[in-house]
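The transit peptide annotation in Swiss-Prot covers 1-24. Sequence annotations record features per position, and here Swiss-Prot assigns region 'Disordered' to 28-61. Per Swiss-Prot, compositional bias 'Polar residues' is recorded for 33-56. Taken from Swiss-Prot, the feature Zn(2+) binding site applies to His565, His569, His572, supported by sequence analysis. Residues or ranges marked as active site in Swiss-Prot: Glu566.
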Amino acid sequence: MGGPKLLMPLRPRPWTCRTCLQRLHSARRSLKTAASPSPQSTSFEYNRSAHNTQKSTTDDETLRRVFDSPSFWKEFSQRSSLHTKPTGLVQNQYLTSPEGFRTFANVSLHKCQAIVHKVLAASTLEEYRDMARDLDRLSDLLCRVIDLSDFIRVIHPDPQVQEAATQAYALMFDYMNVLNTTTGLNDQLKKAAANPDVTSHWSAEEKIVAQILIKDFSNSAIHMPPNERQRFVNLSNEISQLGSNFVNAAEPAKSHVVVGTNSLRGLDPLLVQQIKRWNRTASVPTMGMIPRLVLRSVHDEGVRKDVYLATRTSSSRQIKRLEQLLAKRAELAQLSGYASFGHMTLSDKMAKSPEAVSNFLTSLVGSNRQFVHEELAQLQGMKGSSPLQAWDHAYYVHQRVMQYSQSRRSRELSIVPEFFSLGTVMQGLSRLFNRLYGVRLVPQETAPGETWNPDVRRLDVVDEAERHIAVIYCDLFSRPNKHPNPAHFTLRCSREISNQEVAECASMDQSAHPNDGMATAVDPQSKTLRQLPTIALVCDFPDPPATSAGRPSLLSEHSVRTLFHEMGHALHSILGQTRLQSISGTRCATDFAELPSVLMERFATAPEVLSMYARHWQTDQPLSENMMRSMEQDRTAHGSIYGAVENEAQILMALVDQAYHSVPAEAAGKIDSTAIYHQVSQAHSSLPEPSDTQPPTSWQGFFGHLYGYGATYYSYIFDRAIANKLWEDVFQSGQASVDRNAGERYKNEVLRWGGGRNGWDCVAGVLGSGNPSNADGRLVEGGDDAMREVGRWGLGRDGVSG
């Protein structure tokens, strides 16, 4: 792979929570933010001839039944096959067969080439004024193929379709790399952006997109002399290979720890038999689940210590890979004119610099420290007089959790999933969206060929005037060979379609559609055609049992929070509809991208929200207030056992990430990643790694996200701190969680801008100038002080992985 991509930088998902981190989101991208354009309306004319117009109450009941009743879903989904002509995947007119992917890619490629020719030949003032929109459309055409093909090749069960989608993806990806080396595009865009007679006619969105594209060109080394550009490409390829090896070849220095079987008391006897050897010893592996169970269960502290040290000591080969990766990144940054890789990566994020991130993280350590000490004091009391050690934590936490799980309240909570059928939770999401933002979810029959699996449900998002504003495909049930991790995919961004594009399609082919047949609507204000955001939600919930007399798929509280999290991303895409696709929805700064999803988790279990939807699947009885209180007490209890220590662990990982990526190029060749890791641990950990072992522990070799999220690992906890503040001050810790005024305030200041507004402007706007944390609007400026202020907001006690 080459360096960072200009028009559609294919990067890993900007940031994700603990469960998100392993999900496949390669088509998402991190974008930059600048000045603030005026937000666009997200209400469009609803095509009543093509969509269900039943009353919202009927839609609400249908929504529950399409997910909870297999027989109802079968009847509902088969209606369309009787009177609807076949269509392509997600309504794309080309994707009716595997061969259609090639046609789709070639048609899109032809359109791209025409735009490139127009941009390179531009000479008149009018042509330069069109340039930002033209290049945004070029990006959209690339994304149309790459995003959708990348998703289909992962999710579709048919190998022929997978292969066809992979070929379409490769064709457009290769062409994108050609564009990244087309210097004329960069030269023409810079010429347009430097001309006041051009920029005075650009909207604020066009100015932002132009600056984003110029920055992406710069990140692709297009401005460098040929020899330096080639070095940039070579370094990027080396980094890609080293990073892939680092992630995939993680290995401990020792593969096993040999202990006496008698010293494994506390471990499940079946597991002991599994690892037992012939001479009364057992071979404990140092990777996988077994060593975790040993640390959690074995009474012998000496065994726990040996296993702990072995599981946190990487092989010398793995450490060498990491240090080579860090050195190459530092060299790449120096070649690009930056002091370090961290400075290069953070220049277009909310944080702006490694120093600001460190301010945030050290401030966060302080706000979290008291809670950590309280948790460790409880564990120390359980251990007794000898000091609590790092290898003791999992053991005593497990004991406390087991003690709590035997309590009456904990046993009572075993019936909570009975109130969280999947259909009921989807009802709750729709009701919440309607209450806060005036939009709801409407089940829609699919045409033959529209979905990749018969279990996929389509939901149309409509506003209070019954206008269609988005499409969501819900692939939520488990099936063989399906990727198990929950995920949100934007298959197509929102964008304004010009009259010129409509005319172009009409001239090409009578059957051609300006959005390839996918969902469109007319903006009632501007009367322009728009492509609607098309989203896929993928989860792995169990199918409703076939032999349980109508029992639906029931979700744990954790699964409910996960679904709300992913719907938070979807909500950003639904409401963040801009005229240009490069800044629509989730295409915002990396360290702002998780805010809507993290905040959305807080709504899942707020009593005010639970009362709107949590009902027993069989009796329809609402979840009682006593049960809601028990759920809250349960979360508080678990948080008080391990939440703050988990928070500290995440903070330390982010500090290590910053330390590694702040090393300048001249020092990168001598980097000692293990020494840096221990320096951070000793300085900031309340339960630091032992410093006197030989060899010293080197857990950083297992920290695979150093590659995918280099210099940005702080982003999730940063957004979590902001989300906690918004929950407390805007939604009043849940008391305003169904209040329309609070919802409108959040929508207007945060969601509807997509990536078209600086994240600090969004935070300052939603908090208001009267908030003590934003006195006189000081958060707007961002910088070190603002980052430190966010650190003071803290993370609460739920634990990052809660």
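Backbone N, Cα and C define each Cβ position, glycine as well.
Predicted, not measured: the structure shown is a model, and the values here were computed from it.
All features noted in Swiss-Prot, drawn onto the structure.
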{"residue": "His565", "record": "Zn(2+) binding site", "Cβ within 10 Å": "23"}
{"residue": "Glu566", "record": "active site", "Cβ within 10 Å": "23"}
{"residue": "His569", "record": "Zn(2+) binding site", "Cβ within 10 Å": "27"}
{"residue": "His572", "record": "Zn(2+) binding site", "Cβ within 10 Å": "31"}
Point to revise | Residues close to Zn(2+) site centre defined by His565, His569, His572, Cβ within 8 Å | key: His488, Glu566, Met567, Gly568, Ala570, Leu571, Thr586, Glu594, Pro596, Ser597, Met600
Check your understanding: At the Cα level, what's the spacing in Å between His572 (Zn(2+) binding site) and the residue listed as 'active site', rounded?
Key -> 10
**Study point:** In three-state DSSP terms, the structure that His569 (Zn(2+) binding site) belongs to
**Key:** helix
